[in-house]
Amino acid sequence: MASPSPPELRPPRRSKHPSRTDPLGAFGFNNPKAAFALALLAADAVLVSLIIAYVPYTKIDWDAYMSQITGFLGGERDYGNLKGDTGPLVYPAGFLYVYSFLQYVTGGDVYPAQLPWWALSLLCLSKRVHSIFVLRLFNDCFAMTLLHAAIAALLCQKWHLGLVIFSGAVSIKMNVLLFAPPLLLLMLKAMDIFGVVSALACAALVQILLGLPFLLSYPIAYISRAFNLGRIFIHFWSVNFKFVPEPVFVSKGFALSLLLAHLVLLTAFAHYRWCKHEGGLLNFVLSIFESLKLRFALTSSHSFPKSHGGSSKILKKEYIVSTMFAGNFIGILCARSLHYQFYSWYFYSLPYLLWRAPFPTLLRIILFFGVELCWNIYPSNFYSSLVLLGLHLLLLWGIWHAPPEYPYADDKSSMQDKDE
C-alpha cells in the first residue's frame, strides 16, 4: 500500500464556498456576466457625467419639490398648505423625508443632487430614462429604486423586510401599489396567513410612523391629499391614450372601463397563469381557507404539532420576478394616463418580460426600441400613443403565452436557501 503523501504535496481541498479562497470570486469578477455588468456600470457612469456636464437641466418639478419641502421644514403640518409651482403636494410623507434629505445635502441646488450612483446598467439603453433620473430628479426615481430593493429582499425570501421597503416606496409615490396584487399572491404562497398578516402590519406601521406628524395635526388633509386615487391627469401630457378624445379621456366612464379591464386581466393571469399549478385561483383561495381551518382545529384540540412551522414555502426567484413584473405591466397597460416620467415604472422590467415571451430575438429588439421611440416623441400624438398601445398589447400577448413556471423550489434548493 502506497504511503500517504506529505501534507505539503497534497492538492488543496476545494472549498464549498469559492469566495472564501478566491477573493475575486467574492465579488463575481471571475464570472463573465458579472464582469460585463460592471463594465456597463462604468460606461454608464461616464455617460451620466457627460450628461450632467453638457446637457442643461430641465426645470419641471425640482423647484416645486423644494418649495413644498421648505414649508414642511418650516413647521407646516397641514397638507393643504404645502404647495409648489406645480400645485399642491399630493404624495405621501416619505416623499417629504427623501427630498428634505436631498435639500440638506445639496443646499437646494440641483447640480449636486445629480449623482445617480444607484443607476442600473439598463439605463445605458434609454435616452428617456437617463433624462428622468439625471436631468429631472422626479420622485418616481426614488420610489422605483426602493421598489427594486424590496424585490431583491423578496428574492432572498425576506418577506417582512421586503414589505417594509415596499411600504417605504409607496410612501414616496403610490404607483408602487400596482405591484400590490401580485405581491399579495406571492405572500399567500410563501407564508401562512399569520405571516401575511404580520408582514402587512409591518407595512402599515411604516405608513403610520412616516405620516405621524401629519396624522396627529391634520389627519384628514394628509389622507385626502397624499392618498388621493381620484386625480384626473391632463390630456396633453399623456403618452398613452392620446388618441382618445379629451372629453372621453377625462370621463368617469373611461376610468371605470380601464379599472374593470385591470381587474379582469389580473384575475385572468392569477387564475390561468400564476395559480395554474394549484388548479386555478379559486382552488388556491379555498386551499388557504382549508389550511387555516385545519390549523384552528388542531390548535383548539391541543393536537397541534410543536414542530409545525406553518405552511411557509420557498418560491423560485424566476417566479417571483415574473409575477411582480407582469402584474405591474398590466397596471401600466390599463393606466388612464402615463406621463413621461412614468416610463421608469416599467422600463427595467422590459428586457425580462420580452425574453420571457415566446418571441424571436429580432422581434424582441424591435419591440424594445419601438417602446423607447414612443416615449421619446414629444409631445406625444395620436399615432405615437396608438403605436405604444399596440406594442403593449403585443407584449401582453407574449407574457400570456410564456411557459408557466412552477412556483416552488424543490426540497434541495429550499434547504440550501434556508441554510444560507
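The backbone N, Cα and C atoms fix where each Cβ goes, glycine too.
Annotation comment: TrEMBL describes 1-22 as region 'Disordered'.
The transmembrane segment annotation in TrEMBL covers 34-57 (among others).
Under the heading transmembrane segment, TrEMBL lists 137-155 (among others).
What TrEMBL lists as transmembrane segment is 161-186 (among others). Beyond its flanks by at least six residues, the transmembrane segment (161-186) meets 91-95, 98, 139-140, 142-144, 146-147, 149-151, 153-154, 196, 199-200, 202-204, 206-207, 210-211, 227, 229, 266, 270, 274-275, 315, 320, 323-324, 326-328, 331-332, 342, 345 of its own chain at Cβ-Cβ distances under 8 Å.
Annotation source TrEMBL lists transmembrane segment at 193-216 (among others).
Residues or ranges marked as transmembrane segment by TrEMBL: 253-274 (among others). Long-range neighbours of the transmembrane segment (253-274) within the same chain, counting only residues 6 or more positions beyond its ends whose Cβ lies under 8 Å from a Cβ of the stretch, are 181-182, 185, 244, 280-282, 323, 326-327, 330-331, 333-336, 396, 400, 404, 407.
Here the transmembrane segment (319-338) has long-range neighbours at 151, 154-155, 178-179, 181-183, 185-186, 233-235, 237-241, 249, 254-255, 258-259, 261-262, 265-266, 269, 273-274, 345-346, 349, 352-353, 356, 392-393, 395-396, 399, 402, 405-407, meaning same-chain residues at least 6 beyond its ends whose C-beta is under 8 angstroms from one of its own. Under the heading transmembrane segment, TrEMBL lists 319-338 (among others).
Long-range contacts of the transmembrane segment (358-375) within the same chain: residues 125-128, 239, 340, 343, 350-351, 384-385, 387-388, 391-392, 394-395, 398, 401-403, each at least 6 residues beyond the stretch ends and with a Cβ under 8 Å from a Cβ of the stretch. Sequence annotations record features per position, and here TrEMBL assigns transmembrane segment to 358-375 (among others).
The list of residues near the transmembrane segment (382-400) in space but at least 6 beyond its ends in sequence, with Cβ under 8 angstroms from a Cβ of it, reads 238-243, 265, 269, 273, 326, 329-330, 332-333, 353-354, 356-359, 367, 370-371, 374-375. Annotated transmembrane segment per TrEMBL: 382-400 (among others), in sequence order.
A Cβ distance under 8 Å defines the sequence-distant neighbours of the transmembrane segment (193-216), meaning residues of its chain 6+ beyond its ends; these are 77-79, 92-94, 97, 159-160, 163-164, 166-168, 170-171, 184, 187, 222-223, 226, 288, 291-292, 310, 312.
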